[in-house]
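Visitor: Not my notes, these are from TrEMBL:
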- 52-77: region 'Disordered' (REGION)
- 52-62: compositional bias 'Low complexity' (COMPBIAS)
- 63-77: compositional bias 'Pro residues' (COMPBIAS)
- 127-146: transmembrane segment (TRANSMEM)
- 224-257: transmembrane segment (TRANSMEM)
- 269-293: transmembrane segment (TRANSMEM)
- 305-328: transmembrane segment (TRANSMEM)
Amino acid sequence: MSSTTAGAALLLRPTSSTTNHLLRFASPCPKSHLLRLHSPRRRLPVLRLSLTPPATAGSNSAPSPPSPPPSSTPPPSLFANWSPPRAIWRGLSALLLAGQVFHRVLTGRVHRRNLLAQLRRVGPGSAGVSLLTAAFVGMAFTIQFVREFTRLGLHRSVGGVLALALARELTPVVTAVVAAGRVGSAFAAELGTMQVSEQTDTLRVLGSQPIDYLVVPRVLACVLALPVLTLISFALGLASSAFLADAVFGVSTSIILESARKALRPWDLISALIKSQVFGAIIAVVSCAWGVTTHGGAKGVGESTTSAVVISLVGIFIADFALSCLFFQAGAGDSLKHAMG
């Protein structure tokens, strides 16, 4: 018993490698007892958590798949699917188109051949309708008040009233209305058809800008041709009024023309020309803007044409009121004093 204890004590002491080699054969203990100096490590059980309920023994359905994680995309904003009304969109496009036309005119980017063609179309092409309308408007206006003026003994002021009414209001507005119905509708229909049939895209492919080739000549033609038509219509309207007053109401033509000469001032004719230029710009810009924003085939072309004429007429009347307030506030009522003197 003592020899066994002594041998175990020798084995537990740290010795050199040679001594350990000798003592390994001298030990009475088996090799397995010498190797188990430490107890083996035990693994602790791991508790696993599951979010899905365990399947019951009697259920035949497969376990439901895990729910997908919530998406990290932000919710859509309030105006994500909102688009402006078509009228506002077209109005903004008309303003943008007017700015582009003005810039191209200042920089000299004008297609001259197309400009001459549009001038022949707007000027001589619309002269007949404009002159005929101005003549009948002048005669209708004469019928309204010449009889009343002669009863009051103011027959010498008839010519002045006719001249002022025709120069300041009737002739520019009537000429612009005729041009909007004849020229503006044609511009909107042509450009709308080109937009629907993708001819404007063909111009871009060929290296030409549709605004330079299509829009700028039409706007310049209206701005340059309408003042000339207004002057000719004013002359014909005054002549027809004088003829009707002399033939029907017995007021001499010389009296009417002399009264008109005394009542008219250079600013009256200049204001008529300025109004005509503004009206021409409104007609051309609105018609071209409505034409290039057309979509929907033949039905869209018809709607754009009708809408262009209506918006042009409304713009003409609003601009006429604004320009009349701007031009004739000061010195109103002084012209007829010279006509009666």
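Every residue gets a Cβ built from N, Cα and C, even glycine.
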Visitor: Could you tell me what the rest of the chain brings near the transmembrane segment (127-146), counting residues at least six beyond its ends with Cβ under 8 Å?
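Guide: Answer is 155, 158, 161-162, 165-166, 170-171, 174-175, 178-179, 182, 229, 232-234, 236-238, 240-241, 244-245, 248-249, 251.
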Visitor: When you scan the chain for residues with a C-beta under 8 Å from the transmembrane segment (305-328), skipping those not six or more beyond its ends, what do you find?
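Guide: For the transmembrane segment (305-328), the far contacts come to 168-169, 172-173, 176-177, 180-181, 184-185, 187-189, 192, 267, 271, 274-275, 278-279, 282-283, 286-287, 290-291.
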Visitor: In terms of Cβ proximity under 8 Å, which residues at least six beyond the ends of the transmembrane segment (224-257) contact it?
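Guide: For the transmembrane segment (224-257), the far contacts come to 119, 122-123, 126-127, 130-131, 133-139, 141-143, 146-147, 150, 155-156, 158-159, 162-163, 166-167, 170-172, 174-176, 179, 269, 272-273, 275-277, 279-280.
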